[in-house]
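Undergrad: So TrEMBL lists these for the protein:
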TRANSMEM  A:7-27  transmembrane segment
TRANSMEM  A:33-53  transmembrane segment
TRANSMEM  A:60-78  transmembrane segment
TRANSMEM  A:115-137  transmembrane segment
TRANSMEM  A:144-163  transmembrane segment
TRANSMEM  A:192-211  transmembrane segment
TRANSMEM  A:232-252  transmembrane segment
TRANSMEM  A:258-284  transmembrane segment
TRANSMEM  A:291-309  transmembrane segment
TRANSMEM  A:315-339  transmembrane segment
Amino acid sequence: MFLKTRLGTWTGFGAAAIVLFGLAPLLLSGFRLGLLAQFICYAIVAVGIGLAWGRGGMLTLGQGVFFGMGAYLMAMHLKMADAEFRNGPGAVPDFMELAGIRELPAYWAPFSSPAFTIAMILLLPTAFAVLLGLAVFKRRVKGAYFAILSQALAGAFAILLIGQQSLGGFNGLSRFQYFFGFTLADPVNQQMLYFIAAGVLLAVVAIALQLRRSRYGELLVAVRDAEERVRFLGYDAANVKVVAYAVAALFASVAGAVFVPVVGIISPASIGIVPSIMFILGVAIGGRASLVGPVVGALAVAWAQTALSEQFPSAWTYAQGLLFIAIIALLPGGIASVFKRFPTKRTPVEAAA
Amino acid sequence: ACGTRAGEETAATESCVDTSGDTVKVGSLNSLSGTMAISETTVRDAIALAVKEINAAGGVQGKTVEIVAEDGASEPTVFAEKAEKLIREDCVAAVFGGWTSASRKAMLPVFEDNDSLLYYPVQYEGLEASENIFYTGATTNQQIIPALDYLAETGVESIYLVGSDYVFPRTANAIINAYAEAHGIEVLGEDYVTLGSTEFSTIVNQVKSAGADAVFNTLNGDSNVAFFREYANVGLTAEDMPVMSVSIAEEEVGGIGVENIEGQLAAWNYYQTVDSPANTAFVEAFKAEYGADRVTSDPMEAAYTSVYLWAATVEKAGSFAVADVQAAADGVSFESPEGTVVIDGDTHHVTKTARIGEIRADGLLYTVWESEGPIEPDPFLEGYDWAAGLGDTE
Amino acid sequence: MDLLVGQLFTGLSTGSILLLAALGLSLTYGQMGVINMAHGEFIMAGCYTAYVVQQAVGDAGASLLIALPVGFLVGGAMGLVLETLLIRRLYHRPLDTLLVTFGVGLILQQVARDVFGAPAVNVAVPEALRGGVDLLGVTVPKTRLFIMALAVVSVAAVTLVLRFTPAGRRIRAVVGNRDLAETAGISSRRVDAGTFFIGSGLAGVAGVALTLIGSTSPTTGQSYLVDAFLVVVAGGMGRIKGAVVAAVALGALQAVFETYSTASLAKVGVFLVIVVFLQLRPQGLFTLRTRSLA
Amino acid sequence: MNTALSCKHIEVDFDGFKAVSGVDLELARGEVHFLIGPNGAGKTTLVDAITGLAKYSGSVVKDGEELRGKKVHHIARRGIGRTFQTAQVFDNLTVAQNLDIAAGAGRSPWTLLRRRRHLPQNVVDTMARIGLADHADTPAGVLAHGQKQWLEIGMLLVGDADVLLLDEPIAGMGHDERETTGRLLHDIAADRAVAVVEHDMDFMRAFASRVTVLHAGAVLASGSVDEVSNDPRVQEVYLGTAKEAADAATA
Amino acid sequence: MLRLRDLTCGYGRSAVVHGIDLEIGADEVVSVMGHNGAGKTTLLRAVVGLIPAMRGTVEFADPSGNWTDVTRKPTNKRVKSGMAYVPQGQQCFAHLTAGENLRLVADGRRNGKALVDSQLDLFPALRPLLARQAGLLSGGQRQQLAIARALITEPRLLILDEPTEGIQPNVVAEIEATVVDLAKRGGLSVLLVEQHLGFALQAASRYYVLRSGRVASTGDTGAEAQTRVREAMAI
Ligand SMILES: Nc1ncnc2c1ncn2[C@@H]1O[C@H](COP(=O)(O)OP(=O)(O)OP(=O)(O)O)[C@@H](O)[C@H]1O
Ligand SMILES: Nc1ncnc2c1ncn2[C@@H]1O[C@H](COP(=O)(O)OP(=O)(O)OP(=O)(O)O)[C@@H](O)[C@H]1O
Ligand SMILES: NC(N)=O
Ligand SMILES: [Mg+2]
Ligand SMILES: [Mg+2]
């Protein structure tokens, strides 16, 4: 409600900026700030899921795929840059030697260019999402079908990557030295990465907000609630869905790209079925239909996982499991619903799918 | 304000290890949840046992060792995160743990950037040597090459390779292929399955029709159960086509069912049945601590040993400081359950005795062949002509 | 020729394993719309049931026969508890069931770890099922023949119950329209609970049978889950017939891909085939049409 | 006659069962064309076929363009709108938003991505026309049954449909709403073709310009209200005996 | 037969129907009228228990005439004790055949087969459709199926929500005749929600008009009923 007014919007963004850019760096140790940067990456993915699932009704159980694409694309650039810094142009990244690869694979070469890399991070996952989305939505695969299919996609993608020795296989890509010329080991630069992550989060939320308030946002809800009806009004419902799906993919990709320098590794273990479900859980727990719910949920889930596992290293999965069950079963609207005061009017229940 | 750029020297992060009191903290970082928990919980137990014994004997430098345990959750990113937490928040003097190479590679930059120490206890694919890691499991020339030597000695002329699809099996098989070519052994097939896969009918049928003299098995974890059952069911036996495994230890035999695997071979540095006073003491202590039904295995022994090696190095250096420990490491030795192990200061690996074991009806492995004394570590296989080109990384 | 026959059997046998894992899902997911991520853990519970029974009975043959019905009851009971405590509240939010049951699955895994230990345990194969049978020049393990037979029996039983018994009609009625079923004098709660019991019980049976070929550890079951869901999706929600065809087709596909490439690429190949297939038949192989616009 | 839509020899086959077999139908602007016939005669199926929901053979031509084989949303863009036997509106959106969406097929991506500053004039006008002006900000989900039907009709109007196919638009309405709806239909039919599927004979008598009777998938009779009501075959299969028909009329 | 006291119900937290008092005697036909959205369906749903009562009670007489409070009983129990409900909108079990739709309710009844047969005599149009999937039937076909399904439960109280909506005129006439006939035969009370004034007043002995969820008018369906009802419904 509050966010509906223009003043409210600016106040909200202002407060978030103060917390993210002022308070957090002041109060948190370098290590914790790094963790927060990592969690923020999850939150960026969550904003996209909130759009695709909360607004568009598409339960994308495979966001790990797009997250992974962005992450791997960025990681490829970082590995190339490291190799070139050490051994000059055309050098082979260190891990390839392990896999017995002596020649730089052709598809790696362009990634020595930062501009090319960033373009790919923005375009490749989005284009893939558009293609897949068209294939799936035009044929009206939806609901649980789509959910299961996207989950299988995440599984297949992870398996595919494990088999690619020229992308580090099971180990993935790690051991990055520099980020666009800056030494990653330097705490000052690590803080800079945090600021980048926080900035991207605010930008992504702003984009999502604009989409929600636009006519497109209304159309998306219409498609969610009565897809067939929308067709009879002359819209191609599939295109409407594809846009939200592609935006969600783009957000996930950007998140993955930021994640890599922050965390220092990307491997198939971070993008398969289970990580993809974790992305969803944050959104569900925060409240999928609201704008900030997914952000809060993603941060809360990641934080709770870390805190619980530090406290109870061998039994924390109980607590984690119970948390998911309790919140989703008892708070259908997620955490966000707690803050909604008494509804002014009868509002029909938000559609589940 | 921007920080250091490429090429500039970065100021090393200050270590926060506090040795002023009468305790010193170490980290124990293993997967206690997720798919790898099945193996890694045993390593956690071995580390705890060693720490307990060391404390009972007066600690290190007179200080009681205190374990901070963390769960790596079978995810490399979590390993990296927890390692950093142990170093920067808990200020541990050293960390023990890790299993998959993926987890080690994820932790490596963390230990290097924060200039701290990791003791990694699992056999691995070699081709690595970090100043900040001590590798107490076997590298390839202490496990895979002896296993191949053994097969060659027993007259094997053709082999079939079956492995899980990740780095260790792939690297191992690259070495095996090079070895085979140099020694006139024919490789009849090379198959990979996804980690955790239980579907082996196609592969086993292909193995059977290929008719190799032996199978070299680099499967990891649960897949072994399905593989060996299928293997036995299509009528393949250890007599007509033995399987040499490098990831099956005492723990796994129980799950596979000894009836399915009896007579098959394994290559390790340690078995519970190794006959030495140090091992008798170790096995007894372990069973007393965790129950008579528990077994000991190679990674557990290496983890146990790694704690002692760290303690011995600290004593020798007279300091917990990373630089001092690194400087003092060369030549530090320990009378471990597998025999004497000595740290090689250049590579941070240790000398290890290679053993081929046979699985017997009681579910334990018995040494059928043993290297003549401990083998010097050679992670880059520099001492093997046929391996030229496999390991010239650095 | 040999290879072809071999692939055929492999496909059939992989298919029947998939089918056994998916059959319960085609009830709970296909019929009731519950995306039960803990289904894999119910399978795992079946595995451990076989283990416990074998520890108690000793003889592997007898214990297998005992464990099959016991596994059904154990799986069923777990399903019943899940249904009553949680899923009952979520029927109008099908996608949320996925998340809640995922949490349940995490807990069940940890329970197994704490009760039975993290390492895998061994369930011995009965003497009668050891070894293989030579069929048309290939060796087919007896365990796999047993699983095929069990899959056939289970499918037949489920189909007969759903098609021809009053209970089956009730299940299909409640699935179709909960409120309307109530007004037809049917207790939708009891029917839901019953359906879930059967679906979960089938997971337990699958678990018992799968100990014959795979391992028994806390994470067993997870590996079957995604494939099982794919079977239900490709077959068409709620269609047993579809699940059968899809399971066998996927099994054969996997076997063929594996022969000509690696097993991991085979998984990717199977996924691609499903996406392409859904282009042709978006609602799966067999669909039930209605005239609603949903 | 100003023909808006012309259907020739439509046949719909459901796995061997011919729900519609060889129907010819012309809809003209300025007319409220009633489509009646026994339950299961194929009325809804015919509408499904025209709007692209059911596969058929034959031909549907609007303004010289063949529509067979076109996708649902393409047919809708060509000015063919329909409502459903049970009202289908967007429950979570307000009345104004519902209408705005309906008005907007073919908006440019740029327009779509911006916020709606004010309601388009035709949305405002239509809201008044369908009697929902006071409900602009009411979520459609809480509207009464009849109001939803009106909203659906309104959505077709703002979308500039000039062929309206309404499947039982007054089902569940009270007497007065029926009157209102009837007048609304007459009013909008001035420059459009309106086809109404209905079983309410009073309503038909009051508002039909032309009637086509379907039976068993085929056209049984067609003509003015009187011609059709007096057709004995129609009485037999649909209206009931003359006496019953009369009863129904007085009811 | 049925007695509602101060019944209040709705959806979520908001009430749609407020404090309704209503009574139906044995063998009595009562119709409820009102604009769309007046709350008729909501009221019926509360009577059969598909939505809970927020306030007030629903009482239902058992065969020996004693009142039992069924306010908290689940729908299926109410149905078993003799209520039958034909919901608005021609609902059926779409994935079952028409025949299975009927057998479903006949299952477990001693004379199940005979009951099904007697309904097929009442609605002969259903006979050729028995093997068809019910979800594919036309609206009118489904409505006949729904009424038949309700009657198979041998109800003492039949609750009909706009039973003639969407039905072809000659079948409407049949349904009307059937309802009047059933009521005359005795042993059955009917609660009828109907928009057709003619039918509603002809079939019933008493009527209620709802407006905005409240009773706006009630009385016998005597001579002046038409005008009183029209008045109550206007505005
Ligand atoms: N998808 C389908 N598959 C098979 N049969 C169908 C399908 N859709 C409709 N039918 C059948 O086609 C016939 C025509 O149905 P339709 O709904 O068009 O009738 P209608 O004239 O609209 O009837 P009503 O007035 O009752 O709404 C019916 O017998 C129906 O059972
Ligand atoms: N599921 C629901 N959730 C919220 N509100 C509802 C729901 N169903 C109906 N309503 C609202 O309750 C009110 C009464 O609806 P109800 O269906 O009882 O009316 P009715 O008298 O049966 O009308 P009709 O003649 O159109 O069938 C309406 O305002 C309607 O919008
Ligand atoms: N190092 C291994 N075995 O992954
Ligand atoms: Mg119709
Ligand atoms: Mg109603």
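Residue numbers in this text run from 1 along the chain shown.
Just so it is clear, glycine is given a Cβ too, placed from its N, Cα and C backbone atoms.
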Undergrad: Can you work out which residues elsewhere in the same chain, 6+ from the ends of the transmembrane segment (A:232-252), have a Cβ less than 8 Å from its Cβ atoms?
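TA: Same-chain residues near the transmembrane segment (A:232-252) but 6 or more away: 44-45, 47-49, 51-52, 55-56, 58, 60, 63, 66-67, 70, 122, 125-126, 128-130, 133-134, 137-138, 140, 204, 207, 211, 216, 219-220, 223, 279.
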Undergrad: Would you call the transmembrane segment (A:7-27) and the transmembrane segment (A:192-211) in contact, using three or more Cβ pairs under 8 Å, pairs 6 or more apart in sequence?
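TA: Checked: the transmembrane segment (A:7-27) vs the transmembrane segment (A:192-211), in contact.
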Undergrad: Among the recorded stretches A:33-53, A:115-137, A:192-211, A:258-284, A:315-339, which has the greatest number of Cβ pairs closer than 8 Å to the transmembrane segment (A:291-309)?
TA: A:33-53
Undergrad: Counting only CB pairs under 8 A, let me know which of A:33-53, A:115-137, A:192-211, A:258-284, A:315-339 has the most with the transmembrane segment (A:60-78).
TA: A:258-284
Undergrad: With pairs fewer than 6 apart in sequence excluded, do the transmembrane segment (A:315-339) and the transmembrane segment (A:33-53) have three or more C-beta pairs that lie under 8 Å?
TA: no
Undergrad: In terms of Cβ proximity under 8 Å, which residues at least six beyond the ends of the transmembrane segment (A:315-339) contact it?
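TA: The answer is 281, 283-290, 292-293, 296-297, 300, 304-305, 308-309, 350.
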